[in-house]
Amino acid sequence: MNEARSGQIRPLTGLRFIAALMVFGSHLAWVGVGPMGQGVIDQGFFGVSFFFMLSGFVLMHSYAEPLRQGHTSPWVYVGLRVARLWPLHVFMALPYLFLAARRGDLDPVAALSNLLLLQSWVPDSTVYFSLNGPTWSLSNEAFFYLAFLWLVHWPDRLRHVLTLALLTVVLTGAVCMHFWFSDAKVAGAYTLAHWLFYVFPAFRLLEFLVGMWLHDLWRQGWLNWRMPAWAAFVLLGACMLFGQQVPEPFRYSLFYLPAAVCLLVAHLGQVRTRWHAFLSSDVLQALGKASFAFYVVHMAVVRQVIKAFPWVESTAWIEVPLLLVLCCMVAWLVHRGVERPVEQAARRWLTARPPILGSAPSRAHPQAPKLG
C-alpha cells in the first residue's frame, strides 16, 4: 500500500467516530430540546449512510490491487472480512439470545437470520431489528463485502454504469412508493418504504458503489481540489434541519447522498487545518479504530443503564455525557479484548495457510486503516 496515500485518508479514521456519535445521539431521547431539536438529532441515521460509503472507498483502497494482482486470495479476503464482522456480532448477540430464551419469547427464525447476518433481507422489523438492533447494518456490510469480490474486477466504467443504473432504480422506486404505496406494510412495526430504502441491502449498495467510484476519482487525481470541511458540515446540518420534511422513501439514502459525498471528499488529502489535525490525533485515531465496537455495543449499554437507573433519562445534560463515557469505556474494552485479538489471530492464521488449490499464494496483507 502506498504509505503517502494512506496518510491522506488518516482523518477518515477519526471521522468514523464522529459518524458513530451521530448514530448514538439518534438513539437517545433528548429531554428539553423540543420536537424540532429531537427531529434534527434523529437524523443521525446519516452516520450509517456514511459508513456504507466509506466501506466502498476503503475496500478499494485496501484490497483492489491485492485482489486483482492475486497477492490476496479471495479466500483470505473473505476470511478477514468474516473476522471483521462476525465474532463481535455473535459476542453481543449471545446475551440477547440468553435473555430471550429465558423469557420464553425467542423467535428461532429471527435469531438464526440474525446470527447468519441475513436479517436485513427479511421485510419484517421483528427480524431485521432482532436481538441487538443496530447490527442490521452488519447484514448489509456482509453483502457489500461479498459483492466487492465480484465488483472489484469490473472495468471502472462498467461499475459506474451499474451505480447510475441502481441510482435510477432506487429513485424510481422511491417515486412509486411515495405516490402509490406510502403506507404499505408487510410485517412488523414499520412501513415497506422503511425496509426498502433504509434496510434492504440491494438498495443500500448504492452508497457502497458511490464510495468505490469516489476512490476511482481520488486515485486518478480528480479529487485534489480542496473543499473546506466546514462547508460539508453546513450542508449536512441543513439536510438534518429539513430532513423531517422529506418523504420517507427519499429521506434515508437519496436525500443524504450529496452530503455524504461532500463529507468524505472534504476529508481527503494531507492534514491542512486544525480540524484535520484533530481528526488525525492519537485520541481520535484510537476512538475511530474502536468505532465499530462502539456502534455494536452502544444500544445495549444505553438500554441497560436506563433500565437500572430510570432517572438518568430525565435530563439530557446528565444522560448524554454519562452514557457516552460508559459506551466509550465498554467499546474500548470490547475492541481490545474481543475485536482486535480475533482479527489479529484470523490474519495470522489465514496468511500462514498453504494456498487453496487453484488460488494464488497469498501474501501477508498489509495493515489497512481501520475504516471499512
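Even glycines carry a Cβ here, placed using N, Cα and C.
Marked as domain 'Acyltransferase 3' by TrEMBL: 12-335. Residues annotated as transmembrane segment in TrEMBL: 12-33, 45-63, 75-98, 136-154, 161-181, 193-215, 227-246, 252-271, 283-302, 314-334.
For the transmembrane segment (12-33), the residues of the chain that approach it from at least six positions outside its boundaries are 41-48, 50-51, 54, 57-58, 134, 263-264, 267-268, 278-281, 284-285, 287-291, 294-295, 298-299, 302, 313-317, 319-320, 323-324, 327, 369-371, judged by C-beta separation under 8 angstroms.
Using a cut-off of 8 Å between Cβ atoms, the transmembrane segment (252-271) and the transmembrane segment (227-246) share at least three residue pairs, counting only pairs 6 or more apart in sequence.
Outside the transmembrane segment (161-181), and at least 6 residues removed from its termini, the chain residues within Cβ reach (under 8 Å) are 151, 154, 192-193, 196-197, 203, 205-206, 209-210, 212-213, 247-250, 253-254.
Within the same chain, residues 45, 49, 52-61, 64, 120-121, 123, 125, 128, 136, 139-140, 143-144, 147-148, 151, 159-160, 162-163, 166-167, 169-170, 173-174, 177-178, 181-182, 184, 186, 223, 248-254, 257, 260-261, 264-265 sit at least 6 positions outside the transmembrane segment (193-215) and bring their C-beta atoms closer than 8 Å to a C-beta of that stretch. Remote same-chain partners of the transmembrane segment (227-246), defined as residues 6 or more beyond its termini with a Cβ less than 8 Å from a stretch Cβ, comprise 39-40, 42-44, 46, 255-256, 258-259, 262-263, 265-267, 273, 275-276.
The list of residues near the transmembrane segment (75-98) in space but at least 6 beyond its ends in sequence, with Cβ under 8 angstroms from a Cβ of it, reads 63, 66-67, 106, 111, 114-115, 117, 131-132, 135, 138, 141-142, 145-146, 149, 292-293, 296-297, 300, 334, 338-339, 342-343, 345-347, 350-351, 356, 359, 362, 365, 372.
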